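In what follows, a structure is listed as structure tokens, so that the remarks can point back to it.
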Amino acid sequence: MTATWSVNKKIFLQNAITVKNNQPLMAVVKNNAYHYDLEFAVTQFIHAGIDTFSTTSLREAIQIRQLAQDATIFLMNAVYEFDLVREHQIHMTLPSLTYYYNHKNDLAGIHVHLEFENLLHRSGFKDLNEIKEVLKDHHQNQNAKMIISGLWTHFGYADEFDVSDYNVERSQWMEIVEALLSEGYQFDLIHAQNSASFYREGQILLPHHTHARVGIALYGSRPYSSLNQHDIVQSLTVKAHVIQVREVQVGDYCGYSFAFEVTKNNTKLAVVDIGYGDGILRTRAKHEALINGKRYPIRALMMSHMFVEVDGNVHAQDEVILYNNDIRIDEYTFKGVGANSEQLSAMNHDSLKKEYISNDC
């Protein structure tokens with residue numbers, strides 16, 4: 001028996017359609033589409049009516065171009081392989097004044113999106129004056145030059161409800177957008193909303209925006225806990241099997257380094273064929289697994305195994321669910337296990353059997 005990572009293709013596609021809500025989306029497909037597989041995700045998103053994609057990797061951007069010749073592809077990281085960016089007609093962020101002045105000539109013929117730094121402070125122009133400096137210098141440049149196609153930012157606090165930071169970053173951004181538009185500047189693409197912002201705004205675009213730039217919701221995880229589970233559906237299942245059930249007694253220690261001390265005689269421990277070597281986070285192993293529709297506590301985690309405390313209803317060869325739509329990735333995000341993307345990224349696709357299924361099973 002081999003632990004399995006599987007995606008229901010029909011559910012994945014239907015979730016993407018539901019998330020899209022007939023709005024123009026830029027699908028975030030970075031890190032191999034959150035490890036769902038880039039080719040699979042891009043193909044499904046195209047079926048869902050999405051024709052605009054973003055990633056942080058030039059290699060992935062080129063892969064997307066090979067899959068979707070007519071798509072708009074936006075590279076969220078600035079790179080220096082300018083000929084490749086031009087050759088594959090990839091749009092790219094313009095992250096700072098320094099980058100602009102150092103590479104103004106290199107950027108000739110490349111579509112760029114001016115990036116506003118905002119509260120995240122990861123990248124971008126610091127204020128309206130810096131953006132306008134580039135716009136004016138670009139206008140005066142009589143040489144071959146870049147093509148300013150977009151304006152964008154990233155909201156770092158849209159999933160935070162106990163502080164005012166989202167309202168602050170949203171207001172600062174809208175002031176930038178409205179100031180530039182009022183002065184006659186035009187952009188083919190304006191995008192800022194991530195999954196959390198998109199849902200906070202009722203699954204519609206902010207004023208003047210052309211796209212929402214949505215990631216995790218398209219992969220079946222809620223960006224914040226107050227969203228109903230029915231609004232975003234998880235298509236991913238990670239499952240293993242019970243190898244055997246062992247009976248242990250009071251005072252026994254199970255697992256490495258005294259991981260679990262038995263407190264009741266005749267305690268039943270299921271030995272399950274999945275562990276941290278397969279990508280199960282130790283923080284996830286502090287919670288439960290689902291066996292025959294019931295949740296049981298995980299007691300110890302090893303490289304290729306885990307112990308789950310069970311009862312007489314669990315037997316060898318029973319399925320053990322670590323993740324599905326009833327025991328979701330986002331549930332454990334909200335319990336502090338790790339971000340949705342962190343749990344997805346941890347999965348070891350070299351050791352897990354990987355399946356894409358086409359039915360509702």
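Glycine too: its Cβ is placed from the backbone N, Cα and C atoms.
Unlike curated records, TrEMBL annotations are generated automatically.
The active site, proton acceptor annotation in TrEMBL covers Lys30 (among others). Counting every protein chain shown, the Cβ of Lys30 (active site, proton acceptor) has 19 other Cβ atoms within 10 Å.
If you look up TrEMBL, you'll see Tyr256 (among others) marked as active site, proton acceptor. Around Tyr256 (active site, proton acceptor), the C-beta neighbours below 8 angstroms that are at least 6 residues distant in the chain are Ala300, Met302.
The feature substrate binding site is assigned by TrEMBL to Arg122, Met303. Residues near Met303 (substrate binding site) in space but far in sequence (CB under 8 A, at least 6 apart, same chain), listed by position: Gly275, Tyr276, Gly277.
Positions annotated as domain 'Alanine racemase C-terminal' by TrEMBL: 235-357. Note on the domain 'Alanine racemase C-terminal' (235-357): its mean pLDDT in the predicted model is 96.
Feature annotation from TrEMBL assigns N6-(pyridoxal phosphate)lysine to Lys30. In this structure, Lys30 (active site, proton acceptor) is part of a helix by DSSP.
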On the DSSP side of things, how many residues of the domain 'Alanine racemase C-terminal' (235-357) fall into helix, strand and coil, could you say?
-> 22 helix, 52 strand, 49 coil
What does DSSP assign Arg122 (substrate binding site), in three states?
-> coil
How many Å lie between the Cα of Lys30 (active site, proton acceptor) and the Cα of Arg122 (substrate binding site)?
-> 17
